[in-house]
Each structure stands twice: as structure tokens, then as C-alpha cells.
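S.K.: Can you keep this structure in mind? I'll have questions shortly.
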Amino acid sequence: MMKVFLMLCYMSSLFLLFPNLVFGSHNYGEALSKSFLFYEAQRSGYLPRDQRVQWRGNSGLNDGKASGVDLVGGYYDAGDNVKFGLPMAFTVTMMSWSIIEYGKQMSESGELSNAIDAVKWGTDYLLKAHPEPHVLYGEVGDGTTDHYCWQRPEDMTTSRAAYRIDPSRPGSDLAGETAAAMAAASIVFRNYNPAYAEELLTHAYQLFEFADKYRGKYDSSITVAQKYYRSVSGYADELLWAAAWLYKASNKPYYLNYLGENGDALGGTGWSMTEFGWDVKYAGVQTLAAKFLMQGNAGNHAAVFEKYQEKAENFMCACLGKGNQNIHKSPGGLIFRQRWNNMQFVTSASFLATVYSDYLASAGKSLKCASGPVSSPELLDFAKSQVDYLLGDNPRATSYMVGYGNNYPRQVHHRGSSIVSVKIDPTFVSCRGGYATWFNRKANDPNLLTGAIVGGPDAYDNFADQRDNYEQTEPATYNNAPLIGVLARLHGGQSEYSQLLPGILTQAITCSTLIRPSHLLPLILTTDIAIEQKETTSWVHEGKTYYRYSAIVTNKSSKTLKNLKLSVSQLYGSLWGLSKYGDSYVFPAWINSLPTGKSLEFVYIHTANSPAVVSVSSYTLD
């Protein structure tokens, strides 16, 4: 079935210019699967036994050794062999956010385990890079020596010097983004690996404290990064970004208050943005803050969070071309920010539009633009149009994801893919010899960099598939990270559950004090279901007290209880005996109903000396 993807005002001219242009539906599941293969191709360190990208080998095995620290692992950022900490951390944050929002859809696609593996490959490295509370390694290798050579990672002879920030050489933007990455990832691992999640969150706390206490731009301390990942926006946005993720991961009021008390001073409530990426995080902060507000979690800071939301909606309206300051679009309808790797802004904007569309739908609200109200489906349609353009619905009929479709880039600006695999020909490729033999070779890459999103076309939809055209043919890890969430959403459809978490209630809760905003999924006060909790034991480990609670859910009705959804808030630990379903909990996999008079038990361990708040969100009786 034919679909219309481009803006109506461009349709007639496009078909006159490109009469053979035919658009069809896309296999978003296939694109999602291939995206994770790209991350396997970007791996540094010892590759695992289940490595699927077989043309890669081990590399960077002495990283950090000269500095007395193990920095083996992590990701190469793009087509070079440098490990840049700021974009790597942002990549992990966005992969985690994608899983948090659309993990259910990824699971249904069979890709959730690959998504979690991709996050963990990044967080394992970030943990190594943070050996002390106020020390963070932010780069291994340097762009100048690396770019002088064209070698596959397995043959590297370039400098592998490690660069760090500490109190005398601060980097609040780098430390803040890494805190955000670890906090977001801790949510991903909370139900899969609770101990690992707790480790990540502990590091996130330390890094935020480091970033906030010792303020400064990281590229003033790690000066070799300036030419490649200069922090133009400074560190204020990362401080807010980290606080938002720490609040989401911990529910601690301190971080919510930080957002409320520093939103004006740090620019979060003042800047209306037209971009979102590894450098400028304001639009992401504003989107998260708007979600907190719609959840009813803003507390005494509601007025400040309304300003965050206003700026978030300005960004969405700018993407749609319905704001006061709109984002430029190419004749084919692609949003365009800059010549060098423009696709990073396409995928990140598409992600924010997708999640905000779902937030609005869950809240039963519409977007307020200068030109008038916009429905949530219209915002999702924008994101879909951008993804469809990326996958081939464009004037050149080119897919900008390597390996997807029939017409995609074949001469990618990428050292590993452009040089024969070390497993096929182990002959050493020298620093300058790689340029002579492989870089200047006018032929397709010997190794297919499946799933990579390249920089993409220019402002007029033009694209040259040439290896030396690095502005357009070089991929990057942060291009794919937001896209995986959008692909999962488009492939899996909208979930049945609200993507707005139930509001956090105080511990001193009684039936008469339950007040819920009308647009949120209600907490149900019912005599059909009884929930009883009790503390069963406690113990002290490494100076911290842990409490184990047992919760009994009993069907008090005369019918069979089905489709039960529970809200569990103020839980500071791990839970067993229920299945996670989005932001709710449902029956475990081994039961699908609870007969009259029967009970089920679940347990949780956390660090609060009072029970979590367990409430009924929805259920049916049969």
C-alpha cells in the first residue's frame, strides 16, 4: 500500500523531478536489528564469544596501561579509533532511554537482550573510567595522531594516551553526562541485574557531586578533544540533565529540587532549542521535566516545570514547522542543522518527538504551537517521516542505514569497514600505507558496516557516496542510539500502558489523602483486592541497612481477578515475584489470573526502613 511521506507542499515538484520515485512501507524491525550490529562493529577491547560481526577482532588491549588503569573496552565513536568519553556516555544515555520507553516493543521484536548488551558494553567501560569519586577518564587516544593514520583497530600504532578530569582539571559536562548515562542505565538493569544497577547508581551519585562541586568545561582540561568534541554549550545543561536522570533513577527529592531551584540559573527554563545531541542537552532536559510535570511529580516546583514544558513544546513545534523559530527542512522534508553529520540531529529530534507524542497521548493532551494545537499523532507522524526518509523515502531513494534496502552507502568513512578483515588477511596495515592502499581505493568496502547511520545528505538532499566525504559518509554511535527507540516504537506500535508513571505518593498514605491528577492513570481504591505488607528481616552490609519486605495480594472478590496492574513507588531496591510491564507491575509469567480467595506473594529488598507504596492501577473481574 502506498504511503505519503513527504510534506504536501513539496510533492508535486518532487514527482516532476523524480518521476520514478516510489515509496513503500518499511521493515522497522529489520532496521532495529541491524542497528545493534553496528554497535558490535564499534566495540573496542576483547570481543565476546557471541560476537556476531565476525570481521572484527580484539583491539586496544593496552588502553590505560601507561596510566596505571584498565581502560580496555568501550566503543570507538565513529570512523576512527579514538574513545571519546562525552559522546560515548551520551550514546549510553540515549540507548538506555530508548529501552526505558520502548523495552517492551524491543522484547517483542526479540532485540531486548541485544539492546541491554549494547548498553552494558558501554557502562562496563564507563565504570572502569571512574576509578575514584573525583577522577574520570574522558578519552583514550587523540584525534590528531589517529587521523594521520588509516588503520583498522586491530593494527593501531597511534597514541593510546589516556586523558582524565579531576578537581584540579574539572569537566562538569563530561562528569554530568557520564552520571546521566549511569543513572539511566541503572533503570535498565534494575530488574535484570540489581547489584549491577546499584553499582551504576552509586557511581552516578559520585559523578554528579563531582560535576557540581568542581565546575568547568571538560575540553579546557582535556584540550585534545577541542577539535573533535568541543563543549560549545558548556556544562550547565549536563548538570540539569544528570539531575533529571538521577531523579528518575532514584526518586530522591534532592534531584527534583535541583531541577526546580536551578532551572532558571542554568538555562533549562530559558533556552528554546532547535537541536538536541551530544553537546546540547537542554531539549532532553525539558522533555524529561515535562514528563515529571505531567506525572504530577513537580511538587512545589510546578511553576518552574511549566516553564521547562513550555520550552520542550517550543522544540516540538519547531520540528513541525509550526513554531516561532522553526528548524530548516530540505526540499525532501529532512530537518537540517549542519553539513557535518546532520543525521545525528534527525534521529535525536525524532526520538524526542516520539516520546513526547506518547506522553501527550497518555495524558490526553495536545501540543500547543504558535499556529494552534497539534495532536499527539501528528507529532509521531513527524518522527515517522524522518525515519522513513532516513531508510530510503527521499529524492535519491537512498537508505542512509548501511545494509538496509538496496541502495545504501558502500564507501563509508570508517577505518575498520574499509580495510580487509584481519581474519582474512592478517598482513599488517601501516599508518600511512592504509591511506595509499585502502582509503584512496575507489571500491566498495570489503566489510559491510551493517546498521550504521551515516552523516547523510546536505540541505538540498544531495549525497556523495565517497570515502573521503567524511561529512556525509562517516557514521557515529550517537546517530543510532536515539533511533533504536523510534524504530522499536514504530515496529511494535503503542503499548497498552500509560507511559506516564503514577505520581509519587507520600509514605503516610490513607484513603482520604489519595489525590490524583485526572489525566493520569488512576490509583483505584477497591475492596476487591487486599494488599498487606510486612518487614520480614533486615541486615547490615558495608555500613548500609537493607530491609526485606513481603507483600501479599489477595483477591477478596467473588470473581476471578485478571489483568492486574500495580503501581510500586518509593521502592529503593529490587523486587521479585511480579513482572515488569512498562512502568507498572503485573502477574508473574507463571500465572495469568487469581481465583477468588487466593493470594500471591512478592518480595522486595530496599534501603528504606518503611515499605514501598503499592497501589492498584487497574484490573478486571471475570
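From the backbone N, Cα and C atoms, a Cβ is placed for every residue, glycine too.
As annotated by TrEMBL, signal peptide applies to 1-24. Taken from TrEMBL, the feature active site applies to HIS413, ASP465, GLU474. Summarising the annotation, TrEMBL assigns domain 'Carbohydrate binding' to 529-609.
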S.K.: Could you work out which of the active-site residues (ASP465, GLU474) has its C-beta surrounded by the smallest number of other C-beta atoms within 10 A?
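M.R.: Result for the active-site residues ASP465, GLU474: minimum number of other Cβ atoms within 10 Å at ASP465.
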S.K.: Quick one: Cα separation, ASP465 (active site) versus HIS413 (active site), in Å?
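M.R.: Pair distance, Cα basis, whole Å: 9 Å.
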S.K.: Summarise the domain 'Carbohydrate binding' (529-609) by DSSP state, stating how many residues are helix, strand and coil.
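M.R.: Final tally across the stretch: 0 helix, 54 strand, 27 coil.
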S.K.: Cα of HIS413 (active site) to Cα of GLU474 (active site): how many Å, rounded?
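M.R.: About 5 Å separate the Cα atoms of these two residues.
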S.K.: Averaged over the domain 'Carbohydrate binding' (529-609), what pLDDT does the predicted model reach?
M.R.: 84
